Amino acid sequence: MSAKIYPVLKSAKARTLIDNERYQKWYQESVEDPEKFWDKHGRRIDWFKPYTKVKNTSFKGRVPIKWFEDGLTNVSYNCIDRHLKTHGERTAIIWEGDNPYIDKKITYNQLYDYVCRLANVLKKHGVKKGDRVTIYMPMIPEAAYAMLACARIGAVHSVVFGGFSPEALAGRIVDCESTFVITCDEGVRGGKPIPLKENTDKAIDIAAKQYVIVNKVLVVRRTGGKTGWAPGRDIWYHQEIATVKPDCPPVKMRAEDPLFILYTSGSTGKPKGVLHTTGGYLVYTSMTHEYVFDYKDGEVFWCTADVGWVTGHSYIVYGPLANCATTLMFEGVPNFPDQGRFWEVIDKHKVNIFYTAPTALRSLMGAGDQFVQRSSRESLRLLGTVGEPINPEAWEWYYHVVGEDKSPIVDTWWQTETGGILISPLPGATDLKPGSATRPFFGVQPQLVDAEGNVLEGPADGNLCIIDSWPGQSRSVYGDHQRFVDTYFSTYKGKYFTGDGCRRDEDGYYWITGRVDDVLNVSGHRLGTAEVESALVSHHQVSEAAVVGYPHPIKGQGIYCYVTLMAGQSGDYALREELVKHVRNEIGPVATPDKIQFAPGLPKTRSGKIMRRILRKIAEDDFGALGDTSTLADPAVVEDLIANRQNRTAS
């Protein structure tokens, strides 16, 4: 654990929105009287009909969660219309293309026009309030227009990351019974085309076999590449928006009406459709965006995530736009054309706040400081990290080399299910410790418990729970509320269990130690081990598979697969490569296995349960303390696994 402390910078303290005194006061108010606290802060967004009920939540029984429930509002209105009178000509979105010579700026007035036109196209084709629209797009402004257009008319968007395979896309279309898809001819990443329309066509065929029929596909032209075309079903975006009016009144939405579904990996194979609603989500994302990033009017904010993940939803689109910020959308990757790209973009667009993932930082750190030092980065005043815990070495590099000791780092911890940031430093209030997410945001009450559910006080190491609701919290798993209750509220009764392990130090700072369930965190992306296992087992030569994570110098966690083959098959390099390709096709590049170990058998108890603890230890090249193996049906299996491990450290 890092013992270093970096006190609040004088420059940050001088112009901050929240200093330590205010943090302590507000935090106390927020946990002692959440009703009063959120009644005040709920007014940060505009309401067509103001709420009179603030908080109506319980973590027991059926876990009903309602915030501002009798208020009427609209997310699209709050992100666009309310800014037009005073800031219509301000840049809302800076788009930086994959090609460093291509970019564009979209003002709030233009954003209104694009979003209203797209909303009218959706209405023209029969999309109405409550309908699910799947968005499978690259990082282009039209992805944000699509989200905001859905929100404008009350349709529920389900954004699917453009790196997911046709099979993964189909599963998400089927689960929410989406009949309208918005996609693009091709995406571009690192100079390479990505066949999004082709993937969409394949996904629609797969979905049709499961009796979910997609009626319309709206296609944005990005590259002009050749695409298949289904007349009557497929329609061009540019043709459609030219034929509709540039105004579309926002639908008055109840605070608890659904806003979006976002699929995330569970410890079972089937992805969960995490459901977020309208009012509480927007209050929370706009508030965390303002206070965690100490956002000042007119600043340029760049979150490097993809809109296919929750970070992109909350901190590229909804949070910044609700606050009338200028938000930067980046189509490319950190190492194209070379490893200096991030820093060049910061200079080019005078970025003030930069929010990225530790994975990206570790890989850029490995490329050498010269790429950073080519740029001035003089506009930067705040740095942030998201997606996974950051190791102290990468934190120090980020602080000293990228930030030149002038920019505080907000190491933020949160999840798809939380809607927004839960634990994070505030730049003008919190002394920093490299690797620690530090203290809870307003209204967030963390608690550490041991495996039996006993509450741990003071400095301790345990499982991280949250004991009361906050407005940004997910309300359900789409179409399966029981799964929501079982996944998050049954392990420790009356508490939201995050699935993360955590340490609290003597100063009350929180240190996230990683997942305690069967979910991997690969490059900041959550991936269920069961998903990867079922992809492997779907290959005709594979009999059984077990997947665990292991420490990876760049990705944080790597994917280590133990594979047992069908009788008569033998594992070789060619099959290993074939299985890697197979998993990529089934799930997407994010799930690419790092190590595949062929094994004659897996370590199982006599009742047939795989002992993953042993597999994790071997994958970590740490088998000196495997613990009790007396319950194993065949202890000899372990010796073979150790002898043939793929991750041995060179001695």
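Glycine too: its Cβ is placed from the backbone N, Cα and C atoms.
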Do you know which of Asp431, Asp500, Asp505 Swiss-Prot groups with Gly387, Glu388, Pro389, Asp411, Thr412, Trp413, Trp414, Gln415, Thr416, Arg515, Arg526 in the ATP site?
Asp500
Among Asn199, Asn215, Asn323, Asn335 - the residue Swiss-Prot places in the same CoA site as Arg189, Gly190, Gly191, Lys192, Thr311, Ser523, Arg584:
Asn335
Take the C-alpha atoms of Arg584 (CoA binding site) and His539 (Mg(2+) binding site) and report the distance between them in angstrom, rounded.
12
Assigned conformation of Thr311 (CoA binding site) - DSSP reduced to three states:
helix
Through the lens of DSSP with three states only, how would you label Pro389 (ATP binding site)?
coil
Which residues, sitting 6 or more apart from Gly387 (ATP binding site) on the same chain, put a CB under 8 Å from its CB?
Ala305, Thr311, Ala357, Pro358, Thr359, Asn521, Ser523, Gly524, His525
Pairwise Cα distance for Gly191 (CoA binding site)/Val542 (Mg(2+) binding site) [Å, integer]:
35
Could you tell me the C-alpha distance between Arg515 (ATP binding site) and Val537 (Mg(2+) binding site) in angstrom, no decimals?
24
Cα-Cα distance linking Asn335 (CoA binding site) and Val542 (Mg(2+) binding site), given in Å to the nearest integer:
35
Using C-alpha atoms only, work out the spacing between Thr412 (ATP binding site) and Gly190 (CoA binding site) and round it to an integer in Å.
27
Between Trp414 (ATP binding site) and Gly190 (CoA binding site), how many Å separate their Cα atoms?
28
